[in-house]
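Peer 1: Quick paste of what TrEMBL says about this protein:
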- B:7-20, B:G101, B:N164, B:R189: ATP binding site (BINDING)
Number of protein chains: 2
Amino acid sequence: MQACGIIVEYNPFHYGHQHHLKKAKEISGATCIIACMSGNFLQRGEPAIIDKFKRTQMAIDQGVDIVIELPYAHTVQHSDQFAYGAVNLLNELGVSSICFGSEQGDISSFFKSYQAYQENKEDFDSTLKQELALGKSFPLASNVAFEAIGLGHTNNSLDLSKPNNILGFSYVKSIHAIDPSIKAITIKRLQSSYHDQTITSPYASATSIRHELIKQQAFTATVSPTLPASSKHYLETYKHETGIWHTWEAYFSLLQYRVLTMSAEELQMIHGVDEGFEHRLKRTAKDVMSFQEWIDILKTKRYTQTRIQRMFVHLLTNTSKAAIHSIQVDKKAPYIRLLGMSQQGKDYLNQTKKNRTVPIMTQLNRNIPMMMTLDERATDAYYAVIPRHLRKQLRMQEFQPPYQT
Amino acid sequence: MQACGIIVEYNPFHYGHQHHLKKAKEISGATCIIACMSGNFLQRGEPAIIDKFKRTQMAIDQGVDIVIELPYAHTVQHSDQFAYGAVNLLNELGVSSICFGSEQGDISSFFKSYQAYQENKEDFDSTLKQELALGKSFPLASNVAFEAIGLGHTNNSLDLSKPNNILGFSYVKSIHAIDPSIKAITIKRLQSSYHDQTITSPYASATSIRHELIKQQAFTATVSPTLPASSKHYLETYKHETGIWHTWEAYFSLLQYRVLTMSAEELQMIHGVDEGFEHRLKRTAKDVMSFQEWIDILKTKRYTQTRIQRMFVHLLTNTSKAAIHSIQVDKKAPYIRLLGMSQQGKDYLNQTKKNRTVPIMTQLNRNIPMMMTLDERATDAYYAVIPRHLRKQLRMQEFQPPYQT
């Protein structure tokens, strides 16, 4: 049995994801699809709209065979580290291919760019460093560095200013670093741009779908056509059970409380609080009345919304620089956390058992230090905004068997 | 003009307090009453039912001439440190007498006990140490130590197992240590025992009044006769403005979130988390659904409810052992925070200006380190459970002139 890996957040699972899944099966020829999925907090520094357990069920119901969790230490990070963590885990599970969606949609552009990048890595790195020193944000500095080695979006077939091309490029780099025999596949995204806030077709972006769901707090005629019935079911069930769909605004009071009761020195120990940003946090915390207001006050060219959001996730989960540094993120994964599987997925795991050197964990286990501690904390911080009498049973899901069909 | 000092929490101001105030004026012959009042968190480790600003207004309206705040570093502490901080501040304001309520009601008993205590201090201290080492709580160990030097409640006119006698004894000790020329006065408490949970007369204890208010969330026929009209007015106004009367339950989610996202090592740095209690906190946090449930699980003979509550206040305000140790609580006060005054109080402050060596602060000032930082944090932690759009204006009260009539 051959497996194809995909790297997902499913926030929530929509028709674009369904298309991706179908195409991944078709093109790879694999009979087992393994999704490496972000947990309760996501790559761009946001709480997922519903928890990882419900999102796992969405995925399995839609035809994914195995869902594993990308650990927190890899998830709330820039694209290279996110990609490395995910490809590393998929490789441990023996996938023959990895299929990702991109704005570009043609893998040869990725390979050409990768080759040029490899040949000019030193130039790229020195330009990147210069631009960062000039106060540019990481995405902007990367753009200039790509431009400098002939990979700018004006002169290259791969536009590396587009979010899914950037991620895809990181996947290709990680595949080369970890196991170049894994076949990289890309398909063109059908859904609108990641940054789109409005729904314009059934292939709407997850951002626009969430935007509409949160605004209306219901499945309106606008949003309904963009979601498979099973996604609607799980979104509805979660809200019915907990009373909420998660947004940053729900965590605003916790964040404000944290900043107001921490010293600048303590803030400075949080991963992502750099270059004196602790003082800006302290200065602004007392006057703000919403998360969005706070972001608007804090963000600059250098401190993008995504960067600040990631920092806020680390603050919420109390993730220190020391904790992140103690995890050797570029080394062998200490565990693979299994969240769900189909019968097909189960068969695959049984058949490939002998080849595996990394343990599969079906629940949280506190004997594995730091990386899993962060996963547990992320879960506790995530559920902190749920009514108090439900928290215990929700966190207990961490200790129950994986979802299985 | 002569001043008499009183040490209060007014949580809330009731007829027992009114009686205390009247008697303090009568017996001392003073024309100015100065109240040293706990801020937003109280000596026994609880949030005050309404904030210090409204409680100041209650006090001034009822005839107190000056209200100063007992700093957080002195308030959420055992009786000796609480008493020392308060007497120290009242002494700086030049009071001639200090009047306190007690179960005993006769000052000569306090003096006799104090003399016996002074003469047998070494025996007392060594017995106390022994008993603490045996695992007794501080109040229980103190009782045995008093017994050992002939001051047990069976053989002494002063029963040092009663909460207000204990506090009174601490006041008498502090007066002797700071300035023995201050006249100590005590009156017998009219209201029922501090620990009483039910209202049995108009002179009800603050505990029973709060209990009834919180339970009914209104001024019932039971609670109304126990409160002067002005107290009702301020309690009502506060609830109308903020939506709540503060209880520990309102802070439960914040406390649980804190414990779940902190490491045992970080918990151990919090003032009051001693002897491995951090592990008990971590172990119990995940299963509890209310503050009372948590206290019931945590408390032991050694860890009394009061001790645990104080620890929870320090956890909520992120007050570290290092912060408390950096404040030399037995030294000269760095400032006197003025919360409110009558015209009489203002005249007194003007007349005594020349004699003062400690600055009077009419608002928070961040240039005075640590002690005031803790006061500010206490305010921010206290308001963390208020609706987000009100927090800014509530905390702004820290920067407005004192209440004045």
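Note: Cβ is positioned from N, Cα and C throughout, glycine not excepted.
A quick note: this is a predicted structure, and the numbers were derived from the prediction, not measured.
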Peer 1: Using DSSP and three states only, what is B:H19 (ATP binding site)?
Peer 2: helix
Peer 1: Quick one: what's DSSP say for B:N164 (ATP binding site), helix, strand or coil?
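Peer 2: Note: B:N164 (ATP binding site) is helical by DSSP.
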Peer 1: With every protein chain in view, how many other Cβ atoms are within 10 Å of the Cβ of B:F13 (ATP binding site)?
Peer 2: 26
Peer 1: For the binding-site residues B:Y10, B:G16, B:H19, B:N164, which one has the sparsest Cβ surroundings, going by other Cβ atoms within 10 Å?
Peer 2: B:H19
Peer 1: Let me check the 10 A CB neighbour count of B:I7 (ATP binding site). How many other CB atoms are there?
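Peer 2: Its Cβ has 27 other Cβ atoms within 10 Å.
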Peer 1: Using DSSP with the three-state reduction, classify B:Y10 (ATP binding site) as helix, strand or coil.
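Peer 2: Assignment for B:Y10 (ATP binding site) reads coil.
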